[in-house]
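Asker: Straight out of TrEMBL:
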type     : residues       : note
ACT_SITE : GLU424         : active site, proton acceptor
BINDING  : THR138, GLY177 : FAD binding site
DOMAIN   : 17-132         : domain 'Acyl-coenzyme A oxidase N-terminal'
DOMAIN   : 278-439        : domain 'Acyl-CoA oxidase C-alpha1'
DOMAIN   : 480-656        : domain 'Acyl-CoA oxidase C-terminal'
Amino acid sequence: MEAVDYLAEERRKAEFDVEEMKIVWAGSRHAYEISDRVSRLVASDPVFRKDNRTMLSRKDLFKDTLRKAAHAWKRIIELRLSEEEAKTLRFYVDQPAYTDLHWGMFIPAIKGQGTEEQQQKWLPMAYKMQIIGCYAQTELGHGSNVQGLETTAKFDPQTDEFVIHSPTLTSSKWWPGGLGKVSTHAVVYARLIIDGQDHGVHGFIVQLRSLDDHSPLPGITVGDVGMKFGSGAYNSMDNGVLRFDHVRIPRNQMLMRVSQVTREGKYMQSDVPRQLVYGTMVYVRQTIVSDASRALSRAVCIATRYSAVRRQFGSQNGGPETQVINYKTQQSRLFPLLASAYAFKFVGEWLKWLYADVTQRLEANDFSTLPEAHACTAGLKSVTTSATADAIEECRKLCGGHGYLSSSGLPELFAVYIPACTYEGDNIVLLLQVARFLMKTVSQLGSGKNPVGTTAYMGRVEHLTQCNCEVQRAEDWLKPSVILEAFEARAARMSVACAKSLSKFSNPEEGFAELSADLVEAAVAHCQLIIVSKFIEKLQQDIPGKGVKRQLETLCNIYALYLLHKHLGDFISTGSISPKQGALANEQLRLLYSQVRPSVIALVDAFNYTDHYLGSILGCYDGNVYQKLYDEAWKDPLNETVVPDGYHEYIRPILKQHIRNARL
């Protein structure tokens, strides 16, 4: 049987309507139609070709990125695409570019922190791309500790200007995407200093380059930070270094929605609460969670399709070898990652709703849900990005030796994705922020203030610290109420245990530092509970087609029981379940793998990714892997000549023994 037939046969096994699942994955029929139309538009455009990306030099790769970004903007204008369609087009171009930061951080920062007057001035230019912006916060010496930033913005009352300055080497802005070679402007974060008094870190709009010839303005030193991990990967992005030498900007270029500096140099807080600053952060982090599901689903699609095509061992009497996907070891590593992709997709949808809800409340001066939203987005950003980075590498291993080829798409996907574990907050630091929120929640339990939202389960802490899991048979683990209570009990007991341990320290900060590893684990337990609960909530919605809902229920159970198996020590040591119940969970998990097996190809088809977007020979839709691998090898520049360059200088002398021993 030809490899190309393997996937066709697999698709006939599907136990649900793939078209219906595509709509569920996209979030709505409208979103599916946009995604489907735009992805095919990108795939059919030769300018967006990317199969040669890993072979380009850094300069050629960057120029290729500029060309694609310009062509994308041209197509957006020509086709009069909506904001949603334009965003989708940039996503499917699939090449990190300065536009990611312009649309994803520069514009949201001005919208979130600028006054109405500032928005009216800057946003029209930004929306038309008459200026191109980036987000200059991180410095050479400070990333996660924003309050430790060293760049200064001193107010000069004589000229009504701020003087932006980099007083030390470590105050150099370092890492902002789009800064190195493209951005004309930046939202720069600096310490506001008035009459020698430090008022903390604030945002300022600073022009970096001339709008006539793109040269850096006086007092500005700017460039690229250099090559990064991988070959193509994130090297298409011009991450930058920036230093200021007493650069003057008008006073009205400080973002003043939350706090202002008057003409007389008086520092004032506005009626708009400072918490609004977190709105931008919540927005950016919820998009990162959505990006995690996309990157993970992409890796899983490649590994799943290739696992169905690839055959190894097991042949008898000259018959075909066994499909790798039929080995239980392959299933136990791959299927939980497939389930995770769906889980992250649905929690990402919920976060999008949460952000909209919080924004609406903030505009009505209701800040009650902001701390929870901040903790949710911080924790879920951490948990989903760490899991996705690990999963992409696991998918590479699941593809055997061929997964190491650039043409598999997995090495480049890994190299592009892993910065997510450190940008917009180092993952461990973010989990410690979640832990602080959890400890505060526990400390308020006796005060009559009931926890809400994702911490509502803490209101039943007395029950959760004493309840016994009701599982007696493996199939009991299929009950959503049983799964939820086990995860709630684990999370509550870990948080309460940390709170009790903290109470023994006379200095709370010393205790927090000492117990930080335990606090991180408690935060992870809380975040995993959120993901499981949101998956279960998704299943309670109106989902078209019985087959679709049944598949999602199976995936939900796989995700939850996989986490239970992975963190079995936590569940047992907290007394949330017994060792026997843990064994029954593993037994049920094996059965679930068998149940999902017939539909796995259809489940990755539901992601609706074109071959162009996947960028993987191993993951191509038709499954014709081996012919394509063979053909691709001959496209490598090394194969342009039969005899390699350097043969006469370096190989022939050795073969002909023309190299003589020299005395050192």
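Heads up, the Cβ atoms here are built off N, Cα and C, so glycines get one too.
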Asker: Give the sequence-ordered list of residues that share a chain with THR138 (FAD binding site), lie 6 or more positions from it, and have CB atoms under 8 Å from its CB.
Answerer: LYS173, TRP174, TRP175, PRO176
Asker: Where DSSP helix means H, G or I and strand means E or B, what are the helix, strand and coil counts for the domain 'Acyl-coenzyme A oxidase N-terminal' (17-132)?
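Answerer: Tallying H, G and I as helix, E and B as strand, the rest coil: 90 helix, 0 strand, 26 coil.
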Asker: Inside 10 Å of the Cβ of the residue listed as 'active site, proton acceptor', count up the other Cβ atoms and send me the figure.
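Answerer: I count 21 other Cβ atoms within 10 Å of it.
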Asker: Measure the Cβ-based neighbour count of GLY177 (FAD binding site), defined as the other Cβ atoms within 10 Å of its Cβ.
Answerer: 25
Asker: Rounded to a whole angstrom, what is the C-alpha distance between GLY177 (FAD binding site) and GLU424 (active site, proton acceptor)?
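Answerer: That comes out at 12 Å between the alpha carbons.
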